[in-house]
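Working notes, beginning with the structure itself.
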Amino acid sequence: MTNIRKTHPLIKIVNHSFIDLPTPSNISAWWNFGSLLGLCLIIQILTGLFLAMHYTSDTMTAFSSVTHICRDVNYGWLIRYIHANGASMFFICLYLHVGRGLYYGSYTYFETWNIGVILLFTIMATAFMGYVLPWGQMSFWGATVITNLLSAIPYIGTNLVEWIWGGFSVDKATLTRFFAFHFILPFIIAALVMVHLLFLHETGSNNPSGLVSDSDKVPFHPYFTIKDILGALLLTLTLMLLVLFSPDLLGDPDNYTPANPLNTPPHIKPEWYFLFAYAILQSIPNKLGGVLALVFSILILMLFPILHMSKQRGMMFRPLSQCLFWILAADLFTLTWIGGQPVEHPFIVIGQTASILYFTIILIILPLASMLENKLLKW
């Protein structure tokens, strides 16, 4: 009798994805982040579901309902902080996952990569809407500032913003629809993840050398299941240390003040994981130009397959590109720092320099370095 694992219509899908999946034997810990992102998504959906049971999406009671969750619901404080800090862990894993893809040339799998970029956009939209829900000062003003950016779109901008708001300012209608979208989007993300995996398993995983590894593959289970479990334990440990010892470390104190449309906070800024994009937005004096730069700073990821000039896939044997990659990483850290600073000298100049460097490295310097490395191969 054949094994049910290999014959049952449903179980065999799981088998081909997580058990008998042929996997390159040399993939490093950088390949752990895919499974960690899956774990983060599950944590966020579960904690979010329990929070939604007690949350009310009304401007009068939203802030109080979050307070009620933290004070009166059994382990409500724990669920709330796991959800808030889980988002931070999600983005840490996300950025490392994307960085791994850039470093090792995983973007040559077009479909997998492009679905991944769409996933990144969707997750960013979900996180932004989730940040609005507690209805604190930074929630309200963050929502006002970011949605207002759409007014930069010529001709239809103002109408579009009022349509999204459901009125003439961020109010009850906005909060209700943001809650609805924040609830539904994680399930759309889960569906997109399935498509992401579907395309990945069409080609098989990349590996650190960037070479074809068909002759040297091992089954996913037990080798990589145990490796993923180790990663999951480390992620859970980090998350719980954050939640139980300093749950507000990555948050904004302004969000413990109920939203007040009559009082603007001195420095409006988003959560830390959006600061790099916010810095790029701020560094351009023109509103429409800033919005375009903001969108393009993420959309530029879709250009990587076109900009790939090297005859080698990854950067493992390309020291010049490696150097540029780490300069780009340092530049993103600089942008993140600048995004959290007030808009004044010298931060404006640093932000503008870092923004120009970001686009220049990706669009001009990296492709040129790749072409130079191709020439050096002939020596």
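The backbone N, Cα and C atoms fix where each Cβ goes, and this holds for glycine too.
Features reported for this protein in Swiss-Prot:
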{"type": "BINDING", "residues": "H83, H182", "note": "heme b b562 binding site"}
{"type": "BINDING", "residues": "H97, H196", "note": "heme b b566 binding site"}
{"type": "BINDING", "residues": "H201", "note": "ubiquinone binding site"}
{"type": "TRANSMEM", "residues": "33-53", "note": "transmembrane segment"}
{"type": "TRANSMEM", "residues": "77-98", "note": "transmembrane segment"}
{"type": "TRANSMEM", "residues": "113-133", "note": "transmembrane segment"}
{"type": "TRANSMEM", "residues": "178-198", "note": "transmembrane segment"}
{"type": "TRANSMEM", "residues": "226-246", "note": "transmembrane segment"}
{"type": "TRANSMEM", "residues": "288-308", "note": "transmembrane segment"}
{"type": "TRANSMEM", "residues": "320-340", "note": "transmembrane segment"}
{"type": "TRANSMEM", "residues": "347-367", "note": "transmembrane segment"}
Distance from H201 (ubiquinone binding site) back to H182 (heme b b562 binding site), taken between C-alpha atoms, in Å: 29
Listed in sequence order, residues with CB under 8 A of H97 (heme b b566 binding site) and six or more positions away: F33, G34, L37
Long-range Cβ neighbours of the transmembrane segment (288-308) (under 8 Å; 6 or more residues past either end): 98, 102, 105, 107-108, 110, 113-114, 117, 120-121, 124, 149-150, 152-154, 276-278, 280-282, 355, 358-359, 362-363, 366-367, 370
Least Cβ-crowded entry, counting other Cβ within 10 Å, from the binding-site residues listed as H83, H182, H196, H201: H201
Leading stretch by Cβ pairs under 8 Å, where the reference is the transmembrane segment (320-340) and the options are 113-133, 178-198, 347-367: 347-367
Paired segments the transmembrane segment (226-246) and the transmembrane segment (113-133) in contact, 3+ CB pairs under 8 A: no
Sequence-remote partners of the transmembrane segment (178-198) [C-beta within less than 8 Å, at least six residues beyond its ends]: 17, 37-38, 41, 44-45, 48, 52, 55, 57, 112, 115-116, 118-119, 122-123, 125-126, 129-130, 132-133, 143
